[in-house]
C-alpha cells in the first residue's frame, strides 16, 4: 500500500509539473488554455476559473493541457440539438452540447449552421420548429459543455495556439520538459539536506550500552588518536576499529569541555550481509554548510543529467526494450525505493524527473521534442508548416509512440511480475 501511495505521489507530481510548464508559458504568451487536467479517463472533479477549466480524472496516469485550437472536439455540427443560454444583449453565453438527461435551462436549438471560431454565430430552428428559424451571435467568452459534461470556454481564432508567433509556440512546447528538468535539480538540492555530509571525527551521538558509552565517550567529543596514531577522518576511525578484530584499542579524544581524555575500548562484532564488522557505537557528526550542501546537490543533478544524456544516446546506438520503463516499471521501482526511506525516494524522484524531461525533448513526432523540431523548421523556412502536414506527422508519431508504449508496458510486466 505504501508503494502504491508513493508511486501515485511521484507520478502525479511529475505529470503536474510537466503540464504546468506548458500551462504557465501558454498563458504568458496569450494562448488560451481551455483545460488543465491531471489524470486521464472519466472526470472526477472540475472547477472553472476564467478562462480555464481545471479537472482531476479517475486514472492517475498522465494528464494534459488543452490549448485553444488543439485537440478541439467541441465543434457544433448541423443536425445537433443544443441548449443555449443568452445574456441581456441576446448573445449566447453558454452552450450545452452534452445531451445530458438534466440539461441547463435555456433555448433548445436544432443547428443548421454554426461557427465558434471566426464569425461566432449559431443558426438553427428554435425548439426544432422549422418555421421558427433563429440566428444568435456567440459571445467571445462563451462556454460550451461537451459530451463528457466538461464546461470549457470556446476557442475563437485570436486565442488559438496556431495564431501565436513561432517563438511563443516554441516556448510553450519546450516548457514541459524544461520544468521536469528544473524539478529534478530542485529535488536534488533538497535531497542533500536529508543525508549526512562528509563525516568528521566529532561524535554526534553514542549508542546505549555500547563500548563507547561504557568508556564515557560522549556526544561532542572529538577523536584525535587511536593507539597513539593521529586520525583526521572518520574513515580512519572505522578502519582502526575494524582492524582491531575485537581487541582493545586506546582512544584519545577531547571532550566537549575541552579536556583531553584517553580510554580503553573493546569493539563489538556484528554481522552485516554475512560479513563480520566491528563497532564501538559512535556516530560521526557532519560538518557541511548550507552552501556546500546546495553545491553538492547541484553537482549531483548535473552529473545525473549527463549520465541520462549518455544513456539516451546509447539507446539509439543499441536499442533494447530493457533500457526503457513505462508506468508499470516506474511503479515497480518506486515500490522498491519506498522501502529504503525518504533520501532514496527523493533521489529517485529527481532522477526520473530529469529523465522524463530529456526523453521528452527527443526530436521525434509525438513528443514535445518533435513539436520543438517543427518550430525550428518553421523558423528556418520563414513560414509555418501547413496544418494538414503537421497533423499527419503528429498522427504518425503518436501511432508509433503508442506501439512503443504497448511494447514497453508488456516488457515491464514480464520483467517485474512474471520473469
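Backbone N, Cα and C define each Cβ position, glycine as well.
The annotation domain 'Peptidase M50' is assigned in TrEMBL to 7-404.
Only residues 6 or more beyond the boundaries of the transmembrane segment (174-195), in the same chain, are considered here, and those with a CB under 8 A from a CB of the stretch are 13-14, 17-22, 24-26, 293-294, 296-298, 300-301, 304-305, 342-343, 346-347, 349-354, 356-358, 360-361, 368-369, 372. Residues or ranges marked as transmembrane segment in TrEMBL: 174-195 (among others).
Look at TrEMBL and you will find 203-249 tagged as domain 'PDZ'.
Residues 6, 10, 13-14, 17-18, 174, 176-181, 183-185, 187-188, 190-191, 194-195, 301, 304-305, 308-309, 312, 330, 333-334, 370, 372-373, 397, 400 of the same chain, all 6+ positions outside the transmembrane segment (342-364), place their C-beta atoms under 8 angstroms from a C-beta of that stretch. What TrEMBL records for 342-364 (among others) is transmembrane segment.
Taken from TrEMBL, the feature transmembrane segment applies to 395-414 (among others).
For the domain 'PDZ' (203-249), the DSSP-based tally of helix, strand and coil residues reads 14 helix, 12 strand, 21 coil.
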